[in-house]
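Asks: Taken from Swiss-Prot, the feature transmembrane segment applies to 1-21, 26-48, 52-74, 86-106, 147-167.
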Amino acid sequence: MTNYMFILSLLFLTGCLGLALKPSPIYGGLGLIVSGCIGCLMVLGFGGSFLGLMVFLIYLGGMLVVFGYTTAMATEEYPETWGSNWFIFSFFVLGLFMELVVFYLFSLNNKVELVDFDSLGDWLMYEIDDVGVMLEGGIGVAAIYSCATWMMVVAGWSLFAGIFIIIEITRD
């Protein structure tokens, strides 16, 4: 499981680097879509099946349409790729190298704690004698309607504002 999450985190950061170093709008959208899908797989890997599915459906349902529309408006006959400009490609390779260096430095201390599981008492569905059973699907529904309500409102508002920002940028 650790190797699975490590590979997913490297792919997630690679997608984020691809987004940050976009030579053409098509590849920026591709990097964002890859990062979003792999982020949802990371949520699934930590046991959040409902939350991972909801984020995946909302993300692909909403933002994929926006990126498809904007890349259709900003198409070029010969788009520049990541490998066509050595300056951009060198930053991409440098970013990947820095990811590996940071991971190596964190693994030297053996004190890497990705997720803090100390305050899970609120999320237990059924508890007998200090043993709690956690249902993943129900936890996702509870998280959306309890503590993540404002986060969902902010995410929806960000998507709504992002549509207008992208349309204004690509408008003639």
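Every residue gets a Cβ built from N, Cα and C, even glycine.
Mind running through what each feature is packed against?
Replies: Outside the transmembrane segment (52-74) by six or more residues, the chain places 25-26, 29, 32-33, 36-37, 39-41, 43-44, 140, 144, 155, 159, 162-163, 166-167, 169-171 with a CB less than 8 A from a CB of the stretch.
Residues 6, 10, 13-14, 17-18, 20-21, 23, 112 of the same chain lie 6 or more positions beyond the ends of the transmembrane segment (86-106) yet place their CB under 8 Å from a CB of it.
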